[in-house]
Structures are given as C-alpha cells and as structure tokens.
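As structure tokens, the structure follows; a few thoughts come after it.
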C-alpha cells in the first residue's frame, strides 16, 4: 500500500495542500520533511505522539525526517487557538526543555542508520543571529497584515487581544520551512490540525520568496468517542517522561480506553499492520468483555514509549494489585502502581495500633468506624486481612523498611511511609 494511502486508512491525514502533487512527490522518490516541536514543558505528551509516529511511518517508507525543536519559537509562544497569552520562559529554561525533548524524539526516529536517517535541528540556530532589521526586510515584507489576520488561529484572539510577539509567530514558523527548504531541500511539513495557519505561512513564503512549492500534511487532533480531548488522565497530561507519568500509569490509561475508540487508536498509535488490526477487531467485537483491543493497545504503546521491560513491569504491577498480592511487588513497583493514592507519614513515636492508625492517617473519620471496618474484614495490611482490634503494626509490616500498604474495601488504597 502506498504510504499516503496507509496514512489515510489509519485516519492520520486531516488536511493537506495539493494532494495530487504530494502523492506524486512521495511516489517519485525520497521526500525530506519536518515536524516542529516547541518546548512548552520538559517533556512531550501523548498528544504529540500522533505527529511523531506519522513522521516515523514516513521514515520507514524511505523518506527523510527532520525533527525541529523550537529553541527560538519556544521563547515566543504559539497563539494558535489559545485563550490567552502564554507566559514567557527564560532562555535557560527553554534550553533545558529542548535537550529533554531531543532525547525523547530519539526513541521514535532513527538518527543513526541509512541515507534517510533523521536529523535534529534547532531554530535558534538561525533566529539567534538574525537582526530585527533583517527580519523585517528579508522575511516580514512577504507577509501582508491582511493575510496574517485572516488565519483562524489569530481571528479567535483578536477580540481578547494578541501581542505583536505572538502575532509574529506565524512568520517565524514560516521562515523555519523556508530555511529547511533552502539548506536541506525539505518540501513537506507535518503538524497538528491546529497548526494549519502557521504551516501554510511557510508554503506562502516559499512561493513568494523562492518561487518553490511546499507541501503540508496536518494530522487530526484526537478526541475520544465522547468528543473529549485525548491524552489526559484525570485532567492531567499523559507525559512520555516516565518520571512524570509512570509506565504503569500509561498502561492504565490505555486499558481504560472506551470500546468505541480502541480499534481506531490501534490504527493511529501502533505499528501493527492493518490486517493484524482487522483480526483483532473481529476477536474484540466477538468478546468485548475480554478487552483484547485495549490489552494490545497498552502493550504496543507502552513498549514503544518505554521499552519491553517497562511494559512487563506495568503488566505485573496491574496483575498483582488486582489480586491483592502486595508482597509480590517491590517497593519500587508499589510506588509506581500506587502513585497518587493518599499517603501518610507515620511519626516515630506514633501509636501503631491499627484502630489508632486508621484514624490518625485519615483513612477513616472515627474510632467507631475504624473498629467496624476491622471487625467486618474491610481492612487489609499489605494484602492480609486484619480483624483483630488490638493488632499493632510491627517492623515486619514495613516493606523494605519504607512503607505499609493499607487497603480499605475492594479498591481504596492508602500508603503509610516511615
């Protein structure tokens, strides 16, 4: 299958410039293309993965990727469809984020092998040395204010106010495309659908300043079956950095995907063939309660982002916590699996009687409730049911001398640390 058709079949093309010309270019030989990543945090998140994996698919088809990290544009801030002005960051902060993001991209693109190995670029390399006068004379003169204000991303901000700093952002992104075309013969840009206005500013600059044709592919902004923006868990972004979102948390995110989204997400976020995904779809629809599509999705994406060992660890944590086998997990695994649950620091001189601890830690509101829970068998210490009111936690209950896991009922976990 032609790479363009495969991208379409997987639901990865939202909008393009001249589709016929782009398809022809991809058929006739190697195309150099780029995707830009502005450092707005110290990590990329799942929302970025759609463009990253689209870039990887094109590389696997023989085309040459350039990964542009916006050391300059990250200092300015993209206004596209944002309700308010971004806070400006210091150069040191942005530089640190650039390095983090460059490291993450190397997991997905091949920067080492073949004539189409990926190339990392930073737009601070050309913007850092250009003077304001040169910027206005050599770039700004090709953009009319009418053209710039016609962009939907700008229109939405006119009423609330937009600074000249952010207004000029589209010119900067347009110039990125121009520089990469002149220096590396890059003719295609890939980005999110919210970037269409900025990306076509690049094709316009290429046409007017160099009489060349540039192409654009936008990938869709992914939403779930309810229309909710994809890539957040409990309102928080799902990060690619394991220190910010653990492999276990990412695994759980994919396992909780709705049935209506699971097969579609397999096409977007995995490298399984379309035939393999069709087989999974048939099995999944025959027995949706077995959640085959979610299991495969979680396995493939966690392995892709964090590696096979991290996936196996996340799966083991899931299985042991479900079975209540707390003692089968290391403290490191428990910290990953129980991140975000209520945590209570036990003082050295504290009364370690189970009833007293349940109240002092805030697990229950009263001694009466604590006694009822214990007597009714609703309290577990490290997976073991405790029904004695006079039970006192000992050193044996301190896993690796660091923590104790309390469970109340079937699912409510609490961690005591020492």
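Going from the start of the chain as shown, residues are counted 1 onward.
Quick reminder: no glycine exception, Cβ is built from N, Cα and C everywhere.
Small disclaimer: the values here were computed from a predicted structure and weren't measured.
If you look up Swiss-Prot, you'll see 34, 169, 173 marked as L-tyrosine binding site. The number of other Cβ atoms within 10 Å of the Cβ belonging to residue 169 (L-tyrosine binding site), over all protein chains shown, comes to 26.
Per Swiss-Prot, the feature ATP binding site maps to 232.
For 352-418, the entry in Swiss-Prot reads domain 'S4 RNA-binding'.
When the motif ''HIGH' region' (39-48) is classified with DSSP, helix, strand and coil residues number 3 helix, 1 strand, 6 coil. Taken from Swiss-Prot, the feature motif ''HIGH' region' covers 39-48.
The motif ''KMSKS' region' feature in Swiss-Prot is assigned to 229-233.
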Secondary structure at residue 173 (L-tyrosine binding site), reduced by DSSP to three states: helix
Residue 34 (L-tyrosine binding site) - helix vs strand vs coil (DSSP): strand
Local confidence of the prediction over the domain 'S4 RNA-binding' (352-418), expressed as mean pLDDT: 95
Among 34, 173, which are binding-site residues, the residue with the most C-beta atoms within 10 angstroms of its C-beta: 173
